[in-house]
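Worksheet: one structure, shown below.
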Amino acid sequence: MNVQLNEIWNRTLELLKGEMTEISFNTWILTIEPISIDSNTITLGVPADFNKGILEARYSYLIKNALRQISHRDYNIYFAIPSQTPVKPVAQEYTEDSNMSFLNPKYTFDTFVIGNGNRFAHAASLAVAEAPAKAYNPLFLYGGVGLGKTHLMHAIGHFVLSQNPALKVLYVSSEKFTNELINAIRDDKNEEFRYKYRNIDVLLIDDIQFIGGKERTEEEFFHTFNALYEANKQIIISSDKPPKEIPTLEDRLRSRFEWGLIADIAPPDLETRIAILRKKAQLENLDVPDDVMVFIADKVASNIRELEGALNRVIAYSTLTENIINVDMAVEALKDMLNNSKAIIINSKTIQEAVARYFHLKTDDLKSKRRSRDVSFPRQIAMYLCRDMTDMSLPKIGDEFGGRDHTTVIHACEKINNDLNNSTELKRTVEEIKKNITGG
């Protein structure tokens, strides 16, 4: 298969999966096989006339919209039944060398919406992009799923290349790094693997937490990190947790990740969520009333990915039902999502209440200055759960427990994390409290 088309289609699938019900996605979208691409048209293979009719009538808008977001181009879509229709010729074969960076064109600094939760991370990313290996090296970005870490990493890559196209920039997930290493070992191509990763100017590696516990991957990345750092090359890393909280990560890697600058990204506040939706509508020329965007932003507070997915669902619902977009229609379009999101709200308050109830304390005890073990131990568990079950930053967690310093929170999380590995009783306690919180 054409590698360029394969890359575009895989990214399109990821986008569509977040915008459709699981049944619809599995029934209709997963039956599609990308066939060919030229300057104007993408040909998609489908198994039968029935599938073709449904896709053309119900899902062509969604697919075209997703393709436009991924490729920044308006492709025509042609649904073909391979056994009946000749395959369109491929215009140009894609090679790794022609696009080594693997950067998503829609993730730039221009499309990034700055808010209170990401202002520091954005400033740090821009500083690194303006002066690779001279400002902060490595730059370590961390935060929950869908908060913009990957967007900032791609934005750095785009900016660097816009200033100096001759530089070698590579974005890769830790999973891809691991898989390529496995293949290199299997095929006896270790030297080719090392040459690829140690001869670039800017390495952007996403979701580094997944290499924890993979000894061979950690070993290889350790030497890759050293080679790049000693050659004065820029390294940008992302994770869902700060280095100290990544379980099973080797200490030598953890210490290196802390050499440069660590910046966290918190969930966006209401104003930022509204701004994100306005930006998306502007970029894609969508006509969405302001009160609808305010409604969506108020109801979907989890992360940016779900926020944009909710807007896409409203747009698709309007198109398919031929209804004007308004708040009532948005309520109908998002009813499944809103029902699920209302079920459980997990924040510091619900966690403190659950822990206090379990240990027969008052929530004020957890926020107090008392240091006796009957209070300090439950407090440490509550801090650990805040870190594990929410996207709160360390300083914010400290504030919620009587204004304690973030280092106290780090100590509590590390202690509970270590004790969980050695105590079956503590593991049962924590799991029971979690069930009480989630209603599981």
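Count begins at 1; order follows the chain as displayed.
Cβ atoms are placed via backbone N, Cα and C, with glycine included.
In this model, the region 'Domain I, interacts with DnaA modulators' (1-93) carries an average pLDDT of 78. As annotated by Swiss-Prot, region 'Domain I, interacts with DnaA modulators' applies to 1-93, with the evidence given as sequence analysis.
Look at Swiss-Prot and you will find 94-101 tagged as region 'Domain II', backed by sequence analysis.
Feature annotation from Swiss-Prot assigns region 'Domain III, AAA+ region' to 102-318; the stated evidence is sequence analysis.
Counting only residues at least six positions away in the same chain, the Cβ atoms of F112, N118, A121, I265, I304 sit under 8 Å from the Cβ of G148 (ATP binding site). Residues or ranges marked as ATP binding site in Swiss-Prot: G146, G148, K149, T150.
Annotation comment: Swiss-Prot describes 319-440 as region 'Domain IV, binds dsDNA'.
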Query: When the region 'Domain I, interacts with DnaA modulators' (1-93) is classified with DSSP, how many of its residues are helical, how many are strand and how many are coil?
result: 46 helix, 15 strand, 32 coil
Query: DSSP helix, strand and coil counts for the region 'Domain IV, binds dsDNA' (319-440)?
result: 89 helix, 0 strand, 33 coil
Task: Other than G146, G148, K149, T150, which residues of the same chain sit close to ATP? List them in sequence order, counting a residue when its Cβ is within 8 Å of the Cβ centroid of the site.
output: G143, V145, L147, H151, L152, S238, I265, I304, R305
Task: Sort G146 (ATP binding site) into helix, strand or coil using the DSSP assignment.
output: coil
Message: List every residue in the same chain as T150 (ATP binding site), at least 6 positions away in sequence, whose Cβ is under 8 Å from its Cβ.
response: N104, Y107, D206, S238
